[in-house]
Amino acid sequence: MKASLLLASVATSSVLATRQAYSTLSADQQTDVAAQLAKWKTLYGPIAEANGHLPPQTESLNADGHSDDELQRFHNTLQDVDDAKRMNPDADFSAFNQFALLTEDEFKQSLVRSFGGQNFTNAQPLAAEAVSAATEADWSTSKCNPPMANQGQCGSCWAFSTVGTAEMAHCIATGELLDLSEQQVVSCDKASYGCNGGFPPSAIDYMA
């Protein structure tokens, strides 16, 4: 959710076994992590709190205004970001998002709430004229790439992905980027289940 990819999965990485403990860092490294956490709290703390993405405060705060748990959580996320950068050198990742203090289980409990994915491989193919296509394309700077949206704790990825697809397809065809309503699709596509999951094909049918 950012020009440089918002790494939602930063909060959900499964590399716990290889993470370094904050307490083993040098004094300078600990100071750097604490400073970055302070910056995160200023920029994203209020957003995380408003959306219920802050861990419970079970420890007293240190002199720097952070608890040991917060420092370890943020240090974990910084390590996850470094791992992601190494594995994906052409992409941009950042710890500065509202999910940075969540563990994998907390992230799943809060946000991974839709029902299981559907298999549409047996659907009838649509007739389409064969055209030549470029071997690669970079859409990251295209005006037809809609801004990143936030579904919050509503299991509505099906609606957001459908609306984003429709917006971009219309823009590619006409040059006009529309701002369509995900909320309308969530509320009005009666073949789906609102915040409990849904079907992109039925959402497309509703929008059409």
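Just so it is clear, glycine is given a Cβ too, placed from its N, Cα and C backbone atoms.
Copied from TrEMBL, the annotated features are:
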DOMAIN    135-207  domain 'Peptidase C1A papain C-terminal'
SIGNAL    1-17  signal peptide
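Within the domain 'Peptidase C1A papain C-terminal' (135-207), the DSSP-based counts of helix, strand and coil residues read 33 helix, 2 strand, 38 coil. Predicted-model confidence for the domain 'Peptidase C1A papain C-terminal' (135-207) is 90, expressed as mean pLDDT.
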